[in-house]
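Notes for the one structure printed next.
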Amino acid sequence: MSIWTAPTVTAPVDATVELPGSKSITNRALILAALAEGPSVVRGTLRSRDANLMLDAISALGATVRIDPADPTTVSIEPLPAAPSARDADIDCGLAGTVMRFLPPVAALTSGRVHFDGDEQARSRPLDTVLDALRDLGVDIDGSALPFTLTATGSVRGGEVTIDASASSQFVSGLLLSAARFDSGVLVRHVGDRVPSTPHIDMTIEMLTTAGVAVSTESNSSWRVDPGPIRAVDWVVEPDLSNAAAFLAAAAATGGRITVPRWPATTTQPGARIADVLARMGCTVELLDGELTVRGPDRLTAIEIDLSDIGELTPTIAALCALADGESVLSGIAHLRGHETDRLAALTTEINRLGGDCAETPDGLHIRPRALHGGRWESYADHRMATAGALIGLVVDDVTVDDIETTQKTLPDFPGQWRAMLDQARHEQTGLDS
Ligand SMILES: O=C(O)C1=C[C@@H](OP(=O)(O)O)[C@@H](O)[C@H](O)C1
Ligand SMILES: C=C(OP(=O)(O)O)C(=O)O
């Protein structure tokens, strides 16, 4: 684990940044490919830790994965055998919510004992909802959190199940993604507080529909999947817009310009909403010919915003709020206490350690303006905490971020990309490009 000195800008950033594939789309495409009726191809596959863990996991369950040697983002997948012979498997979930919540229903369709474990921090992430639901649907599972063992019999009865998904939308997505392969499909009813990150459920529904699955939203809080085949698809993964947020925020923080090519015209990725958030904070945002350009203001405006739908953008937005004029109020994100780390506690501790003024509320953060100074920014094994530290370090001297490698969860080379972003501005200023 290394300590990384965050580079500080000497001039506003001015760069074009290409993002690798979306984690959320990649890991859904891999699940659907593993369960499809024939071979699929996933192009633009994210090759970060979360996606590589998913590739390893579907291989361990019996899918055949072939990586194109000329382009490791092109992955061909032969699905799990239709009539699985008994085999035991070990699944490493790392710290990936998508792996620990999407894979157990897939494992239940195989045959044999499947042991799941992950990083130390993953053992305290909420998982009981999905495991209890599978038990209700007839699956034998011996625990309520990582580690646990699932004993699969080759089929899942399916049917109606009531869950409380207020801790994570991934509980709903995980059940829906595999349910077409359950004998009776599934009807998932949510009972409890508001489900967070609902655009991610829309993403699940859209991808299931593309794969020919009959899926419907019965109300705001219940979803049905009919039993039937999952069609093999040639998936093309969009760039990761939640990771784009950290780079676009660099324009906001420094009064510079960042352009992200291949910005989808329409998308279910909640990360797309960073454009509106940055506009509300005073940035100029322009989508032209499939490229999103953000230009930062002289001074950032504070923001009051409900982030329930876009919780994974919170560390980036909170870092900007710590640099903004006025008091920001971020709400609707109590569930972030069960993300990679307790993000509300982590952001509060780290912003305040640098001299800022951040306070936790029951469902979010209050951030007031106060001059920041250099110091250590801890990552808590959380990729988005690490990128938030890098963002503050752009404009505050002497910020060090520990465990920058944790960004590999969803970005293959964050430090390299961050450096390249800064180098583009330097080249343009000194004319080295011409
Ligand atoms: O389904 C997905 O791909 C995701 C759903 C969200 O999880 P929560 O609903 O737990 O916030 C999001 O924060 C996570 O990064 C990815
Ligand atoms: C919450 C996140 O990840 P996960 O998929 O592990 O839940 C995230 O990436 O911000």
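Placed from the backbone N, Cα and C atoms, the Cβ positions cover glycine too.
Where the annotation comes from TrEMBL, it is an automatic prediction and has not been curated.
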K23, G97, R125, Q170, R384, K409 bind phosphoenolpyruvate per TrEMBL; candidate in R66, R194, R343, R353 listed for that same site: R343
Closest of S169, S197, E312 to R343 (phosphoenolpyruvate binding site), Cα positions, recorded positions only: E312
Cα-to-Cα gap, S197 (3-phosphoshikimate binding site) vs G97 (phosphoenolpyruvate binding site), nearest whole Å: 13
Nearest-integer angstrom distance between the alpha carbons (Cα) of R28 (3-phosphoshikimate binding site) and R384 (phosphoenolpyruvate binding site): 21
Those binding-site residues listed as R28, S169, Q170, H339, R384, and which of them has the most Cβ atoms within 10 Å of its own Cβ: R384
Cα-Cα distance linking H339 (3-phosphoshikimate binding site) and G97 (phosphoenolpyruvate binding site), given in Å to the nearest integer: 8
